[in-house]
Ligand SMILES: NC(=O)c1ccc[n+]([C@@H]2O[C@H](COP(=O)([O-])OP(=O)(O)OC[C@H]3O[C@@H](n4cnc5c(N)ncnc54)[C@H](O)[C@@H]3O)[C@@H](O)[C@H]2O)c1
Ligand SMILES: O=P(O)(O)OC[C@H](O)CO
C-alpha cells in the first residue's frame with residue numbers, strides 16, 4: 001500500500017511539493033483553504049492563481065476537508081504562510097498520531113512572539129511529537145521545482161532519523177536534499193534572506209547597480225549570521241543552502257516575490273499597493289519587523305534590516321536609506337579577525 005502524505009496549503013509551494021511527492025509514488029492529499037481552489041484543480045488540474053503553467057497530476061487528491069486530508073498520513077507538510085502556521089497547527093493537531101512527521105516549509109518568524117516556526121509547532125503540539133518536527137528550506141522557487149529543474153534543499157531536525165526521513169521523503173532525481181541538525185540556523189537563514197531580498201529589490205528599483213546588490217547581499221549575510229549565532233545557530237549553516245544559497249536565489253530571481261516587491265518599493269510604489277498587487281505572500285515584510293525587534297533583543301547590529309524597516313514602516317525615503325548605509329561610521333569587515341590579530 002502506498003504511504004499517505006498530507007500537504008497543507010495549496011499555494012505555490014504546497015502545490016509544487018505535492019507534485020514532487022506524487023511523482024515519487026506517495027498517495028498525496030493537498031488541502032486548500034478555499035473551496036473554489038478545490039473546484040478549479042478538480043476540474044482543470046490547474047492552480048491558475050499560484051502555478052498557472054503546471055498541470056497537477058490526477059493522482060493528487062485535493063480537498064478543503066482537513067480531517068480527510070490528514071487521515072492515516074505518515075507525514076504532514078505545512079505550506080501555509082508564516083502568520084497562519086500557529087492556527088493551522090492547532091487545526092491539524094487533533095488528526096495526527098505520535099508517529100506522524102511534521103515538516104514546516106514556511107519561511108518566516110511569528111511577529112507577535114518573535115518565535116521561529118518550529119518553536120511555534122512545539123508550543124502547539126504535544127511533547128511526544130516534538131522530536132517529529134522538521135523544517136525544509138533552501139533555494140527553491142515553486143515555479144522551478146514544479147517544472148522539475150535541478151534544485152538542492154536542506155532538511156533540518158533535532159533528530160537525525162527525522163531529518164533523514166524527510167530527506168528520503170523529498171529526494172528525487174531533480175531534487176537533492178541535504179540534512180542539517182542546526183534547526184535554528186536553517187530556519188533563520190530561510191526567514192531573514194527575505195529581508196535582504198526586499199533591500200536588494202529596493203536597490204534595483206532605485207536603478208542602482210550590480211555592485212550595490214552584491215554589497216547588500218554580502219553585508220546582509222553578515223548581519224543574518226550575526227543575529228543567527230547570537231540566537232544559537234552555527235555560523236557554517238549560513239554558508240550553506242539555507243543561508244547564502246537561498247539569499248542568492250531570492251536576491252537575483254524574478255520569481256522572488258520579495259525581490260519583486262522591493263523593486264516596486266524602490267520605484268516609489270507605496271507598500272499597501274505593492275502587497276495588494278502581488279496576490280501572494282511576501283514574507284519579508286513581516287519578517288523585517290520581527291528581525292528588527294530581534295536585533296534589539298539580542299543587541300546585534302543589523303543596519304540593512306534597520307534601514308529596510310525604516311523604509312517599510314516609518315516612511316523613510318529608500319534613497320536616503322541607502323545613503324545612511326553608505327555613510328555609517330567606518331568599520332572592519334570581520335570583527336573576529338581583528339580581535340584575534342593583536343599585532344595588527
Ligand atoms: N513559493 C515558493 O517558491 C516557496 C518556496 C519555498 C518556501 N516558500 C514558503 O512557503 C510558504 C508559503 O508560500 P507560498 O509561496 O506557497 O505562498 P502563496 O501565497 O503562493 O500561497 C499561500 C497559501 O496559503 C493559503 N493561506 C493564506 N492564509 C492562510 C490561512 N490563514 N490559513 C490557511 N491557509 C492560508 C493561501 O490560500 C494559499 O493557498 C511561505 O512561508 C514561503 O516563504 C515558498
Ligand atoms: O518568492 P519568495 O521571495 O517568497 O522566495 C521563495 C523561496 O523562499 C525561494 O527559495
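Backbone N, Cα and C atoms are what each Cβ position is placed from, and that goes for glycine too.
Curation does not apply to TrEMBL; its annotations are automatic.
What TrEMBL records for the substrate site is 257, 258, and among 61, 98, 107 the residue it adds there is 107. The record from TrEMBL ties 12, 13, 33, 34, 107, 142, 257, 281, 283 to NADPH, and of the options 50, 165, 298 it ties 50 to that site too.
Here the CA atom of residue 246 (sn-glycerol 3-phosphate binding site) lies 20 Å from the CA atom of residue 50 (NADPH binding site). Checked against ligand 2, the binding-site residues 10, 11, 14, 33, 256, 258 give 256, 258 in sequence order as having a Cβ less than 6 Å away from one of its atoms. Filtering 138, 140, 193, 246, 257 by Cβ distance to ligand 1 (under 6 A) retains the following binding-site residues: 140. Looking only at Cα atoms, residue 258 (sn-glycerol 3-phosphate binding site) sits nearest to 142 among the binding-site residues 14, 33, 142. If you take the CA of residue 281 (NADPH binding site) and look 10 A around it, you hit none of the binding-site residues from 10, 14, 138, 140, 142. Residues 107, 257, 258 are recorded as binding substrate; their most distant pair of Cα atoms lies 13 Å apart.
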